[in-house]
Amino acid sequence: MASPTQHRSILPAVLVVLLGVCVAPLTADGPSSRARRRAPALKMDEAAVSVMNEVDTDLLLSALSDRCYQCLPQPVGLVPAAPGPGVPTTASFTVGTQHALTLQLNSTPGNSELCRVHFHFGEHGNYSLWVKSLNDPAQANCTMITETEPVNSYLPILLAFITFAGFYVLAAIWNTVMGLDSVRNFLHRFGSTLEADRLINSELGTPGRSEESLTEVNIPTSSGRRLHSLDTFRGLALVVMVFVNYGGGRYWFFRHESWNGLTVADLVFPWFVFIMGTSVSLSVSGALHRGARCSHLLWKICWRSVQLFLIGVFIINPNYCAGQLSWDSLRIPGVLQRLAFTYLVVAVMDVLVSRLRPASTPTETWWYTVHDILFCWPVWALVVVMETLWLCLTFLLPVPGCPRGYLGPGGIGDVGLHPNCTGGAAGYIDRWLLGESHIYQTPSSRVVYQTIVPYDPEGILGSINSVLMAFLGLQAGKILLHYRDQHRRIIMRFLIWGFVLGVISAILTKCSTNHGYIPINKNLWSLSYVTTLSCFAFVLLLVAYYVVDVRRWWSGTPLVYPGMNSILVYVGHEVFEGYFPFRWKMRDSQSHAEHLIQNLVATSIWVLISYVLYRKRIFWKI
């Protein structure tokens, strides 16, 4: 039997799990974001509005979300005319509370606007909108009154933060106390010396510095020093990814943005791609340093990419429990598929370039300060060509029925002029090459923009910018390699890269959400999205590197554990998402608090699983 420390192929195990676990998962009802007649009980992210009409004409109530850019107000319902002076009619409606709304009241005969109110409703609040006539029959006075105060739906987040922070502080205090000389002497005197040493040196599971060769993120030096900051950063991205994939407590900022802009959920996948590029740089350099043949490395890269792609296809098409997969509705793009393509391109490029690189560069040469870039000039050239291709396809490709260079969401966006143009060239290429039935059917743009065509955020065109993101991570790895142990140089290079990418993002977006040349957009994986998230990634990696590896103020626990078993945690959380103990039947499925508890417990379990695997020295690789 193979040693537990041996890197094991995850593909056979995953296929067994996929074919063997065929129990219908538990589901929970999600919130409804569309305004409608008042329901018997308010759901999550909803409030009740009663319109009191004292005007002698029927009124049409319409609503427009602040997050809907260039949209027309959408009808909510009719309010009957008042039967007489001082006798108002009442109509009740349900409205969304995630974002501020503009309520507009129009008279039905001439569809003329009488008044509008901008208001941010609170969850489960009860409001009254009084409409009174003025001397001018073409206008009315609208007043919003709060009848019942809303609940504080964000209080569970604060309590959860305090709870987890308290646990971590207690663990830190425990480690500090166990490291005191007086405690050491006490344990040696009254307890077993062997047991005392085990308790003292365990550091609650802190990764030992002697276990550096377990994975591929070592800097190839004589000391074989492992960079725990990379595992910490990868673990951070993975833990947040698991949390938001499980629902994030059903808070809107833990879900993907409908179109332009950023939420917490939009940060983690690009960071994972970035750190993958960094790991590729270190692993390829280490393998070549150990004398590995390029042909062998290329074969491993191709085989790993194939495995990633196949696993991704299986886990995003969960109908395997009902029988054979149906090609008619098989989704082809996905997160792991995007990672497979990105890894293949970046790793192959790095292998082909790294084998031609000289072992060292004299520090007295005039180009030493940029040698990490100059040695990668073929990769730079290829990335520039790919990015030029993305720009040309995005802005020059003719899309039937759509304006050239369209970057909008379609649906009711752009005042409803282009309802079938979601994603412009990116959506058109996916629908043309893959077919509408083989891409994502419910994109996040449906929530606000009511899009009517399928669109895949992990589509073909966006994969080009995913390669760019990984390449920037690869460049971070080159900095760590070429300036090994020169902490000041590494930190300065990371700061320079973060600053340059931040300036590029500011120019592309004009420091706005919707008015830039290329807005930040996760669905499109736009160029500004990549530069912005890469800027953040360089800064976060800098902080992790300084705190974890330079100053050693923090060991990276508990984030390093999922960071060292990232593929297993990601695949496992997708496969077992609907099963106990990761999900259970809730008493109130419309409660943010219950969803938050469930999602935090599920995420914590995966961190615990990764810790147990770390203690068992089991690391699944593909």
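Including glycine, each Cβ sits where the backbone N, Cα and C put it.
Annotations in TrEMBL come from automatic prediction, not curation.
Predicted, not measured: the structure shown is a model, and the values here were computed from it.
Straight from TrEMBL, the features:
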- 1-28: signal peptide (SIGNAL)
- 154-174: transmembrane segment (TRANSMEM)
- 226-348: domain 'Heparan-alpha-glucosaminide N-acetyltransferase catalytic' (DOMAIN)
- 235-253: transmembrane segment (TRANSMEM)
- 268-289: transmembrane segment (TRANSMEM)
- 335-353: transmembrane segment (TRANSMEM)
- 374-397: transmembrane segment (TRANSMEM)
- 460-481: transmembrane segment (TRANSMEM)
- 490-508: transmembrane segment (TRANSMEM)
- 528-547: transmembrane segment (TRANSMEM)
- 559-576: transmembrane segment (TRANSMEM)
- 596-614: transmembrane segment (TRANSMEM)
Ask   = Where else in the chain does the transmembrane segment (490-508) make close Cβ contacts, counting only residues six or more beyond its ends and a cut-off under 8 Å?
value = 372, 472, 475-476, 479-480, 483, 516-518, 520, 527-528, 531-532, 534-536, 538-539, 541-542, 545-546
Task = Test the contact criterion for the transmembrane segment (596-614) and the transmembrane segment (154-174): 3 or more CB pairs under 8 Å, pairs 6 or more apart in sequence, then answer yes or no.
result = yes
Request  = Calculate the per-residue pLDDT averaged over the domain 'Heparan-alpha-glucosaminide N-acetyltransferase catalytic' (226-348) and state the result as an integer.
outcome  = 88
Key: the transmembrane segment (559-576) in contact with the transmembrane segment (235-253), cutoff 8 A, at least 3 CB pairs, sep 6+   = yes
Ask   = Near the transmembrane segment (528-547), which same-chain residues lie under 8 Å Cβ to Cβ, leaving out any that are not at least 6 residues past its ends?
value = 227, 229-230, 232-233, 236, 262, 266-267, 270-271, 274-275, 278, 465, 468-469, 472-473, 476, 487, 490-491, 494-495, 497-499, 501-502, 504-505, 508-509, 516, 518-522, 553-554, 556
Remark   = Outside the transmembrane segment (154-174), at least 6 residues beyond either end, the same-chain residues with a Cβ under 8 Å of its Cβ set are 204, 249, 251, 592-593, 596-597, 600
Inquiry  = Within the domain 'Heparan-alpha-glucosaminide N-acetyltransferase catalytic' (226-348), count helix residues (DSSP H, G, I), strand residues (E, B) and coil residues, in that order.
reply    = 93 helix, 2 strand, 28 coil
